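What follows is a single structure, and I will ask about it in a moment.
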């Protein structure tokens, strides 16, 4: 007890402060990098693009054709959020998350800044956690950008109103907004497994592009395997299998067990690849 | 803060292995646990169980049903493009959420990835709604028949719906109807379905002349609600050809607002008035739809029943679909109707993005050329279309049909 209490303003506080400072600088690094900002803007442009196309074509025979939710957008701008998310989930979102998480450690290593970073009085475990939090914050920002721009553009182009669920029942706009928040939260949570994979691959190499590409490949291969009916036995464990389960928020009764199944799979990927990244990062010799 | 530093590098690499093991265990254990004490159930005979099913008080049921078909049909499902619909039931696994108040209101929702197909029944009216094409169909009992419906409702009649979604109870009812004829009915060891202890009825056709090997119906020990129905084909001893069962079930009364459906704003609504079938008549495909002079003949009994339609103009039906819609009911099966409808549906005759479906090609893909006609085989049903315009169908081996066709 005395051991814990006696140094009140000693190492724990300074260590916490050091961690906070590290997180701050890491966030600045991630969100300040021009490449990452361009990616965010690009993602945010997707709902704008879809909205404009739908607005221009809404009175032509091609209106109402296309991926899920697209035909609902002209009736209710809220659906632009879902249509944009469905469009971005298979490739654009994983790509952006892979670029940031794959760059996290390998980028510093290739720039020669990693060994200076390790001089900071923060243990490597915590450094890795800071990197993970920053990459996840970027993923959350990416999803929020799509949803936010989607909502604003949808409201501006088509107006918003009561939300018709997949079951055909109608709920008030306020509840629809709550469910939209749920969708955004679930999509962000769906990306945590990929962040962990990217972080691990990033600790393996000093070439950031290799880590980024490998992470994208993991997401795409997972999607390909998910499309093969012969492999249905392993589908539930695949990284991307539950990504579209966010549709659960648009059913009559939101079934928590369906959502929980998806989150549990993400937690499993985070646990395994987080542990792998930790083992690698805390044992690696850093020379550059 | 540096306890981790005391670990040797080798010990550190053991951590992910331990984590992976723990994760695998966390996912595997719940699947094997939760064995309900189904072997402690008092024994019942088959007759008692059938009787219990017949007199069971209807109770509210809600839950999740998984339907799996392994019929050996070529894969024609289009749910990836079209969203959830009754077509999904031709093959693969589908998840259905069901609600029933135990009386005359029920709801079933066939879940697609980000789509849903709902069938809502509330007394004399019923709705189907497909999220993919935003179309609602409203079925009401013909006003002339409404009085008769009220009387029948006491016995559990409900308006028929095209493209219905199966539930374990309906499947079990169908099997029991068969059970009265030429079938050995026994019970198996109690089983566990959706975490509940259940008795299981086994129905075996006495004849070898059918594709059906056996039908298993699992009945909840407490409420006598059918929880799972399996139909096994003689061709596959490993897994049932059709299985429909609860994976999760609750007997609490569902919120009544679930049954209160009205078409959402902006949806296409089709109104359909359905006459009640005259008492005592079998449902038969209307003969006009099959071409002039089509006749229906039934041969064989029980499990070996073969239905023969004569003077069917196959080319005309296939031609009709490429021009537009197939006449309702013309295939004799709502599933096949929907297949044609879904695949040929277009607005204003234009179908951008989707290739025009060649019904002739689909027909040729589903069927194989045999002597004197074309044959569709599946694990439970054979259909033979002869060159002289007859269609024979039954749960019998293809050879039986060819023999009958002569």
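Using the three backbone atoms N, Cα and C, a Cβ is placed for every residue, glycine included.
TrEMBL annotations: computationally assigned, not manually curated.
Taken from TrEMBL, the feature transmembrane segment covers A:37-57, A:77-106, A:127-160, A:180-201, A:213-238, A:258-278.
For each listed feature, how buried is it and what is near it?
Beyond its flanks by at least six residues, the transmembrane segment (A:37-57) meets 31, 63, 70, 73-74, 77, 80-81, 83-84, 87-88, 92-93, 96, 99, 141-142, 145-146, 148-150, 153-154, 156-158 of its own chain at Cβ-Cβ distances under 8 Å.
For the transmembrane segment (A:77-106), the list of distant contacts is 30, 35-36, 39-40, 42-43, 46-47, 50-51, 54, 67-70, 114, 128, 131-132, 134-135, 138-139, 142-143, 146-147, 149-151, 153-161, 163, 173, 176-177, 180, 183, 187, 191, 194-195, 197-199, 201-208, 210-216, 219-220, 223, 240, 243-244, 246, 250, 281: same-chain residues at least six beyond its ends, Cβ to Cβ under 8 Å.
Only residues 6 or more beyond the boundaries of the transmembrane segment (A:127-160), in the same chain, are considered here, and those with a CB under 8 A from a CB of the stretch are 19, 22-23, 26-27, 29-31, 36, 39-40, 43-48, 51-52, 54-55, 73-81, 83-85, 88, 93, 96-97, 100-101, 104-105, 117-118, 120, 173, 180, 183-184, 187-188, 191-192, 194-196, 198-199, 203, 274, 277-278, 281-282.
Below 8 angstroms of C-beta separation, residues 125, 128, 132, 186, 189-190, 192-197, 199-200, 202-203, 236-239, 241-243, 245, 248 of the same chain, each at least six residues beyond the ends of the transmembrane segment (A:258-278), sit close to that stretch.
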Hey, which bits of the same chain come close to the transmembrane segment (A:213-238), Cβ under 8 Å, at least six residues off its ends?
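Result: 90-91, 94-95, 97-98, 101-102, 194, 197-198, 201, 261, 265, 268.
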Report, as numbers and ranges, which residues of the same chain sit near the transmembrane segment (A:180-201): CB under 8 Å and 6 or more residues beyond its ends.
78, 81-82, 85, 89, 93-94, 97-98, 100-102, 104-106, 128, 131-132, 135-136, 139-140, 143-144, 147, 151, 210-212, 214-215, 218-219, 239, 242-243, 245-246, 248-250, 254, 259, 262-263, 265-270, 272-274, 276-277, 280
